[in-house]
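According to Swiss-Prot, the features are:
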type     : residues                           : note
ACT_SITE : GLU290                             : active site, nucleophile
BINDING  : 107-112, 198-200, 220-223, 332-338 : substrate binding site
BINDING  : ASP198, ASP200                     : Mn(2+) binding site
CARBOHYD : ASN57                              : N-linked glycosylation site
CARBOHYD : ASN99                              : N-linked glycosylation site
TOPO_DOM : 1-11                               : topological domain 'Cytoplasmic'
TOPO_DOM : 32-339                             : topological domain 'Lumenal'
TRANSMEM : 12-31                              : transmembrane segment
Amino acid sequence: MALEGLRAKKRLLWRLFLSAFGLLGLYHYWFKIFRLFEVFIPMGICPMAIMPLLKDNFTGVLRHWARPEVLTCTSWGAPIIWDETFDPHVAEREARRQNLTIGLTVFAVGRYLEKYLEHFLVSAEQYFMVGQNVVYYVFTDRPEAVPHVALGQGRLLRVKPVRREKRWQDVSMARMLTLHEALGGQLGREADYVFCLDVDQYFSGNFGPEVLADLVAQLHAWHFRWPRWMLPYERDKRSAAALSLSEGDFYYHAAVFGGSVAALLKLTAHCATGQQLDREHGIEARWHDESHLNKFFWLSKPTKLLSPEFCWAEEIGWRPEIHHPRLIWAPKEYALVRT
């Protein structure tokens, strides 16, 4: 009798295992199928009535009609920058006329430094704000290991030491507080606009003054066509980053965001405060600082959005609307860099 009961339990466990394995396979199969057909999900169209009213500080009147197949503006009147909708030469001249200095921050902690930093900086020298005044801020736990990269005229690199955290999640979440302190200090005094980027990516095309605005958000390459109910916002109501099913506009990528010093001080303060509140309540948002970033952009709308061309993942595959990727995700070797 006991033996028969044991066999029954084993059969039940095997059935549960096979069912779980089957559901997992179905999920992955469905996800791949969904990826093939998501190109047919409509993005919406910028209303013709507001197109002439959409002007950019650096490129003048934008050519939204040049890209009728994609969404080129938001419901609150912010432009979404796609290839062919702007004149890069106009933007470059305007930035030089204003004699701007653009800051570029990047965190290279632990093995991220040797794996990604040199390629990031070399490609930035080739494509990021070419001909403009640029100051790089590299935050790292090993300042002595930062590679030497030849810099062009009017371009500086500053290395800022940071503490290495025990978990990679803590590195991600400490970023907002570190950026807030830097923006309130030397970085805020010497830069007019600042862009904050992840290090595990590299520039592949011109990333110029056409991206500048008071508050800039990056559409996430994996989610820019998804309906709102599918977007991976924080749903735990206890978290300061939580958004309800009726909230949210787009899903923004924390690998790229930027703006004026004043606007970024508000952004980083909001995110750092939200993370601290979550920590005090023993909560950790699903996507860490990115979850808090999305909450901030829901409450404080960005004044310019960058299309996925400005931060693209090649593993997604070919997409007809992606003409010229400007920034590419490097291969993610988490097993190597997060240990």
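Yeah, the Cβs are placed from backbone N, Cα and C, and that goes for glycine too.
If you take the Cα of GLU290 (active site, nucleophile) and the Cα of PHE107 (substrate binding site), they are about 15 angstrom apart, rounded to a whole number. The distance from the Cα of ASP200 (Mn(2+) binding site) to the Cα of PHE107 (substrate binding site) comes to 10 Å. Over all protein chains present, the Cβ of PHE107 (substrate binding site) has 25 other Cβ atoms lying within 10 Å.
GLY110 (substrate binding site) falls within neither a helix nor a strand when secondary structure is assigned with DSSP, and so counts as coil. Counting neighbouring Cβ atoms within 10 Å of each of the binding-site residues (HIS220, HIS223), the lowest count belongs to HIS223. Taking all protein chains in view, 23 other C-beta atoms sit within 10 angstroms of the C-beta of GLU290 (active site, nucleophile). Spacing of HIS220 (substrate binding site) relative to ASN99 (N-linked glycosylation site) is 31 Å (Cα to Cα, whole number).
ASN99 (N-linked glycosylation site) and ASP198 (substrate binding site) are 26 Å apart (CA-CA, integer value). Cα separation, GLY110 (substrate binding site) to ASN99 (N-linked glycosylation site), rounded: 36 Å. When secondary structure is read from DSSP and collapsed to three states, ASP200 (Mn(2+) binding site) falls in the coil class.
Note: the Cα of HIS223 (substrate binding site) and the Cα of ASN99 (N-linked glycosylation site) are spaced 36 Å from each other. When pLDDT values are averaged over the topological domain 'Cytoplasmic' (1-11), the model yields 57. Sequence-distant neighbours of ASN99 (N-linked glycosylation site) (same chain, six or more apart, CB under 8 Å from its CB) are ASN133, listed in sequence order.
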